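Below: one structure, written as C-alpha cells.
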Amino acid sequence: MRKQESEGANLEFESKSNDNGNVKIAPNDQSFLTILDDIKSSKSPAVINYGASWCGVCSQILPAFRKLSNSFSKLKFVYADIDECPETTRHIRYTPTFQFYRDGEKVDEMFGAGEQRLHDRLWLHS
C-alpha cells in the first residue's frame, strides 16, 4: 500500500549528502525521468532502488545500497522514493524493488532486501 503523503524522505538525503556514496537521488518525477533517460541513452549498466521513507525494510537496506555503490563503480546507482516520484513509480507494487538495466533495457528485477542477496545480484550485473 502506498502512503499518500511523504514524511520528509528527501530531508535525510539532503542533510547527509556525503553519506549517499555514488547514488543519484531522484527528488521528483521530472528528475527521475531525466535520470532514466540518461541510463537508457548511455547504455551504462544501472540499478534503481525503489523505496519509501515509511518502509522499514527499505530503511534497513539503504545504507548497504549506498555502501555497495562505492564497490561497484561500473554500475550507476539510483534511488527513487515512490512518494516523491508518484507518477513515474506507479508501476512499483513492492518496496524495496530493485531494477537492473543493461544497454538501455531493463534486464532483471529483485523484490525485497538482503545485503548479501543484493551484493550477489549487483555482482552478476556489473
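The count begins at 1 with the first shown residue.
In case you wondered, yes, glycine gets a Cβ from its N, Cα and C as well.
DSSP assigns C55 (active site, nucleophile) to coil in the three-state reduction, outside any helix or strand. Taking all protein chains in view, 21 other C-beta atoms sit within 10 angstroms of the C-beta of C55 (active site, nucleophile). Per Swiss-Prot, active site, nucleophile is recorded for C55 (among others), and the stated evidence type is sequence analysis.
Under a cutoff of 8 A between CB atoms, and with a sequence separation of 6+ in the same chain, the neighbours of C58 (active site, nucleophile) are G51, A52, T95, P96, A113. Here Swiss-Prot flags C58 (among others) as active site, nucleophile, drawing on sequence analysis.
Taken from Swiss-Prot, the feature disulfide bond applies to C55-C58, supported by sequence analysis.
Summarising the annotation, Swiss-Prot assigns domain 'Thioredoxin' to 5-126.
Summarising the annotation, Swiss-Prot assigns region 'Disordered' to 1-24.
Broken down by DSSP into helix, strand and coil, the domain 'Thioredoxin' (5-126) contains 52 helix, 29 strand, 41 coil.
A mean pLDDT of 90 is what the model gives for the domain 'Thioredoxin' (5-126).
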